[in-house]
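Notes to accompany the following structure.
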Amino acid sequence: MSSGKIAQVVGPVVDVMFASGDKLPEINNALIVYKDSDKKQKIVLEVALELGDGMVRTIAMESTDGLTRGLEVLDTGRAISVPVGKETLGRVFNVLGETIDLEEPFAEDVDRQPIHKKAPSFDELSTSSEILETGIKVIDLLAPYLKGGKVGLFGGAGVGKTVLIQELIHNIAQEHGGISVFTGVGERTREGNDLYWEMKESGVIEKTAMVFGQMNEPPGARMRVALTGLTIAEYFRDVEGQDVLLFIDNIFRFTQAGSEVSALLGRMPSAVGYQPTLATEMGQLQERITSTQKGSVTSIQAIYVPADDYTDPAPATAFAHLDSTTNLERKLTQMGIYPAVDPLASSSRALSPEIVGEEHYAVATEVQRVLQRYRELQDIIAILGMDELSDEEKTLVGRARRIQFFLSQNFNVAEQFTGLPGSYVPVADTVRGFKEILEGKYDDLPEDAFRSVGPIEDVIKKAEKMGF
């Protein structure tokens, strides 16, 4: 095990000098430095660059407070390795695979795998055309998810990405019954804590591994924690042959962490100050999140959109890797429509008659047509009023508003805040409900009866309570 000494500490970036003649550590190797003489406080560094003349530049996975020049650094000779397998289920880790749930740490002989790997080769890949039912009407109808596919939840600050991902965990993890891996990347610690206790109460935690590198942690941890969660998911896919659900909240923070250290590593920034290696880093992560002939990984990723600008390089780079996109729209939150999913901007590769069936496809495209026409008529309504519309257009606007409200529903995970029970709506009930609205069966019911309900039967009950 070769050793060197700290030459420079600049925030999360540490330069280490190795003696001439010593073997230099390889890129991505883990180095260990002890802050105290009795070797109880250690910090893990990861090699990012080799500068020449025995100097390597590393990124710290923990806070560099207390590090000084001259401290000894040991090369472990391998990349950061994390525990994998059944022992990880029901547990909470950090980026290094250390348990942070106050329970017994892992045994020394637990199976471990490095977080840096190659993506599966082309001939190992497998595609699926099976729909993953979420129980959320707007998603199942207009932007359905594929089993073994990749989904992005796009939205600005405070439009409901984390609540939506928590509802998907609640619905899919319980219905799916398989293995789930949740990776918190640079998000609020409070939300992670709430999610942990919620999963513990519901019993889902027994089939879930949770990995966190939250907002307060250094950029090195936030940059690598997604790989830690992915490594655990890959093991269940490749070795155990399981169908795995991988939740990542938030992919933008992974990019943001990379941009924080990029300038300190000596790289010239590119567009909007992001790292020049943005597309490469995103590709290396996303290409590993895939389904093979051994098992599948269905990934659902929350992606923050800075200032609601979808042309920002971070969300724009992620778009290219996804099968389905669920776009959250601030205007809908202002109208009190939750989940605030934009039915026209969201899309899915799965919305085709060959995959969802002729009836589902016909209903979904007609819903989109009606909503698109309503959007076009809104300017006329705002300037001239409803009276200027033809009878046919007035009917269409009425149905469009009912559809818009019917796309909302109460969430199980939000019940503690709203006091209203959540609902899970099977795909068949969703398609039937929208088909009947399009046929004009409920034109006489008030629009408010369609707001925040489950299946169409709930609308009828709500209308009866309102005196209709």
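From the backbone N, Cα and C atoms, a Cβ is placed for every residue, glycine too.
Annotated features in Swiss-Prot:
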type	residues	note
BINDING	Gly155, Gly156, Ala157, Gly158, Val159, Gly160, Lys161, Thr162	ATP binding site
Local backbone state of Gly155 (ATP binding site), from DSSP in three classes: strand
ATP site shell beyond Gly155, Gly156, Ala157, Gly158, Val159, Gly160, Lys161, Thr162, criterion: Cβ within 8 Å of Cβ centroid: Tyr304, Leu328
Candidate with the highest Cβ count within 10 Å, taken from the binding-site residues Gly156, Gly160: Gly160
Per-residue Cβ crowding (10 Å cut-off), top of binding-site residues Gly155, Gly158: Gly155
Chain-internal residues, separated by at least six, CB under 8 A from Lys161 (ATP binding site): Leu153, Phe154, Gly155, Asp249, Asn250, Ala302, Ile303, Tyr304, Leu328
Number of Cβ atoms other than its own within 10 Å, given for Val159 (ATP binding site): 25
Same chain, 6+ residues apart, C-beta under 8 Å of the C-beta of Thr162 (ATP binding site), given in sequence order: Glu187, Glu191, Asp249, Ala302
Cβ neighbour count (within 10 Å, all chains shown) around Ala157 (ATP binding site): 11
In three-state DSSP terms, the structure that Thr162 (ATP binding site) belongs to: helix
